[in-house]
Amino acid sequence: MGSRSSTRIPVPLMLTVRVALALSCVCPTSSLDGRPLAAAGIVVTGDKAVNIYTSSQTGSIIVKLLPNMPKDKEACAKAPLEAYNRTLTTLLTPLGDSIRRIQESVTTSGGGKQGRLIGAIIGGAALGVATAAQITAASALILANQNAANILRLKESIAATNEAVHEVTDGLSQLAVAVGKMQQFVNDQFNKTAQELDCIKITQQVGVELNLYLTELTTVFGPQITSPALTQLTIQALYNLAGGNMDYLLTKLGVGNNQLSSLIGSGLITGNPILYDSQTQLLGIQVTLPSVGNLNNMRATYLETLSVSTTKGFASALVPKVVTQVGSVIEELDTSYCIETDLDLYCTRIVTFPMSPGIYSCLSGNTSACMYSKTEGALTTPYMTLKGSVIANCKMTTCRSADPPGIISQNYGEAVSLIDRQSCNVLSLDGITLRLSGEFDATYQKNISIQDSQVIVTGNLDISTELGNVNNSISNALDKLEESNSKLDKVNVKLTSTSALITYIVLTVISLVCGILSLVLACYLMYKQKAQQKTLLWLGNNTLDQMRATTKM
């Protein structure tokens with residue numbers, strides 16, 4: 001029952017994992033396609049699996065520091081074992097005393113518990129200030145007090161065994177594994193061999209191995225000298241103490257081989273000393289490791305930007321450093337709550353931010369929607385390697401091909417150059433020689449140009465320059481306004497009074513009416529004159545016809 005409860009995933013974590021898994025099943029995802037983005041100076045450098053975790057699982061390792069020798073070889077190894085025992089006691093007694101002081105500082109009474117805890121931490125660690133990590137370590141130590149007491153109750157049987165690793169379950173609230181790195185050595189060298197060894201050789205072998213282990217112990221507990229019992233032990237330190245037997249505990253706690261290397265690199269597996277018994281030379285360590293929920297189909301995609309050439313100078317794309325994609329939705333991923341390893345992200349919570357339509361369109365492959373910020377710095381990265389090939393800004397640096405010999409030129413208006421083994425086998429960039437082995441296939445877009453409208457100002461110096469230009473424009477406008485005001489001041493104010501304006505309006509209306517009447521009268525006179533002309537013309541024609549008729553008669 002104890003081991004089962006120690007490995008249970010908390011309800012909030014289970015709910016988060018189930019919701020995320022349900023979403024991932026509905027919306028299968030693929031990693032962001034970086035092929036259309038590379039020529040625009042946006043490089044997809046890799047993906048990592050996203051996991052959510054909580055540090056909820058604990059188990060105990062009981063390190064058996066003093067090995068049991070075979071009966072027929074005890075006399076030969078007596079001298080080095082006694083010296084080793086004395087050194088162990090000298091080295092670890094301060095640690096044991098500190099553990100006991102902290103555990104005994106908390107009584108069963110209710111009042112002032114936190115104050116006594118802080119006081120014990122400061123007194124035990126000989127520090128002026130108790131850090132949050134030390135308080136956490138001391139709290140874990142106090143919570144493990146009962147388990148440590150149960151282990152001490154079994155110390156005689158643990159010390160008497162000749163097994164290098166075995167599980168201890170009697171009366172313990174959590175999984176405990178007793179391991180003995182030195183016992184493993186004794187078993188391998190003396191108990192499982194039929195070869196007869198002389199006493200001198202036994203003494204030498206035991207002495208050398210014990211000295212090596214003492215060196216490892218000193219390395220592991222070096223930080224404990226300045227802050228006894230309050231410094232966490234790393235997974236590497238735990239392996240030094242327990243040897244390969246550490247895997248037994250991790251396997252029992254549910255850590256698979258496929259997760260082990262990634263978890264070791266994350267630093268999430270830690271240990272805290274909870275007991276030291278100088279009589280039996282037993283060292284108890286409580287191991288804390290995370291409960292991990294794998295979010296299927298959720299991956300973090302890492303983006304890097306390259307300085308590209310534009311008509312406004314060199315510029316870098318404005319895109320998030322890390323994005324995650326589920327289905328057709330792409331959002332920025334906040335990794336401040338995550339611990340990174342080579343292949344995984346372990347996050348206590350998943351926090352994403354929506355992106356603007358422009359950035360979303362850009363990362364979807366529409367490079368004309370990408371926005372860029374001017375980067376005039378001489379140290380801005382002008383090239384980047386990608387899958388055995390190189391993406392370089394050959395206007396910012398000289399791209400020299402050594403095989404075949406020549407200079408790789410970048411076309412006018414082209415943002416960057418995509419260089420692979422088809423165009424160059426050996427490339428030299430700023431004195432760095434690279435042998436290319438990859439190829440950019442036809443799916444990679446090339447010859448992308450950045451328009452002026454895509455380059456904006458974001459840097460502090462550039463913004464200051466633009467503000468200066470705006471201030472100059474405002475000053476010029478103020479000068480024009482002042483000139484206009486001076487001209488207005490010359491205008492007679494009396495002529496612009498209300499009564500004068502009314503008079504001007506009335507006179508204007510009268511003038512317009514008179515003009516219209518004059519126009520109508522002129523039109524009437526013209527019409528009347530034309531009518532008279534037509535009448536006279538008709539009379540003349542009629543008289544002429546009568547005269548012609550009379551002449552004929």
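Positions of Cβ are set from backbone N, Cα and C atoms, glycine also.
For 1-31, the entry in Swiss-Prot reads signal peptide, with the evidence type sequence analysis. The topological domain 'Extracellular' annotation in Swiss-Prot covers 32-500, and the record cites similarity to another entry as its basis. The N-linked glycosylation site feature in Swiss-Prot is assigned to ASN85, ASN191, ASN366, ASN447, ASN471; the stated evidence is sequence analysis. Taken from Swiss-Prot, the feature coiled coil covers 142-170, 466-491, and the record attributes it to sequence analysis. Annotation comment: Swiss-Prot describes CYS338-CYS347, CYS362-CYS370, CYS394-CYS399 as disulfide bond, evidence class similarity to another entry. Residues annotated as topological domain 'Cytoplasmic' in Swiss-Prot: 522-553. What Swiss-Prot records for CYS523 is S-palmitoyl cysteine.
Sequence-distant neighbours of CYS347 (disulfide bond) (same chain, 6+ residues apart, CB-CB distance under 8 A): VAL50, ASN51, ILE52, TYR53, THR335, TYR337, CYS338, ILE339. Packing against the topological domain 'Cytoplasmic' (522-553) from elsewhere in the chain is no residue: none 6 or more residues past its ends has a CB under 8 Å from a CB in it. The two recorded residues CYS523 (S-palmitoyl cysteine) and CYS394 (disulfide bond) have their Cα atoms spaced 81 Å from each other. Its own atom aside, the Cβ of ASN447 (N-linked glycosylation site) has 11 Cβ atoms within 10 angstroms in the protein chains shown.
With respect to CYS394 (disulfide bond), the closest of these recorded positions in Cα terms is ASN447, chosen from CYS362, ASN366, CYS370, ASN447.
CYS338 (disulfide bond) falls within a strand when secondary structure is assigned with DSSP.
Neighbour counts of Cβ atoms within 10 Å were compared for the disulfide-bonded residues CYS394, CYS399, and the top value is held by CYS399.
Under a cutoff of 8 A between CB atoms, and with a sequence separation of 6+ in the same chain, the neighbours of ASN85 (N-linked glycosylation site) are LEU66, GLN281. In the shown protein chains, 24 other C-beta atoms lie within 10 A of the C-beta of CYS362 (disulfide bond). A separation of roughly 16 Å, to the nearest angstrom, links the Cα atoms of CYS362 (disulfide bond) and ASN447 (N-linked glycosylation site). Helix first, then strand, then coil: DSSP counts for the topological domain 'Cytoplasmic' (522-553) stand at 31 helix, 0 strand, 1 coil. Among the recorded positions listed (ASN366, CYS370, ASN447), ASN447 has its Cα nearest to the Cα of CYS399 (disulfide bond).
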